[in-house]
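Everything below concerns the one structure shown next.
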């Protein structure tokens, strides 16, 4: 494979290695580059809940490219045209939100593959992903470097988890704790014992199926628990939350009556 098409994040998942990540919601290439120099294994650049345009995502991919931290792009939705754009700007690993059924998972796989294996539009000659046509035989080899992760974050998705896990082309499944807990009837309470039980069993089912299991845990003890359950790509913080906490802590050192860091149990 051409070295430009290698995907260390995917290779480590295949080996079952644990990878520790950070969620990026700040939407700036400057903050993304700072995060990339910190040594996290992967960085989730969020296009779902953060106000990132396709240009913002592009600039953040450029910013982290010189560093070892591997970027993961989460588009706002699983639209075929948006997935095409995100892949063309050079994303190799995608996290697709709100995948509830095996049919939806198959549609996502198809959107990432060129014909005859899928429906991805052909435009390698004008795409950063193919270095504007300079990567020889890009279309023939790109599938090997693509890593596709889907989010299971509803009761419907849990009911269909085994079928989703059976879809060829899905490399991993990410448990979305905030939406999942709300769907189960425990909004803003991912720490509820029933939610925790379901998270544990889901992670174990994902790993038993030979797929990578992912999670976002802003509380360190929850991150450690998910790792103990077998999750092997875990984000342990969100840049905007860490930044706001650091600001609060510093101000509290100098102004009486100011609160310390906020207690945050979920994203």
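Each residue, glycine too, has its Cβ placed from N, Cα and C.
For the substrate site that Swiss-Prot gives as 178, 179, the extra residue drawn from 151, 224 is 151. Largest Cα-Cα distance over the residues recorded as binding substrate, namely 151, 178, 179, equals 12 Å. Using a 10 Å Cα-Cα cut-off from residue 74 (site 'Transition state stabilizer'), the recorded positions that qualify among 49, 88, 178, 179 are 49.
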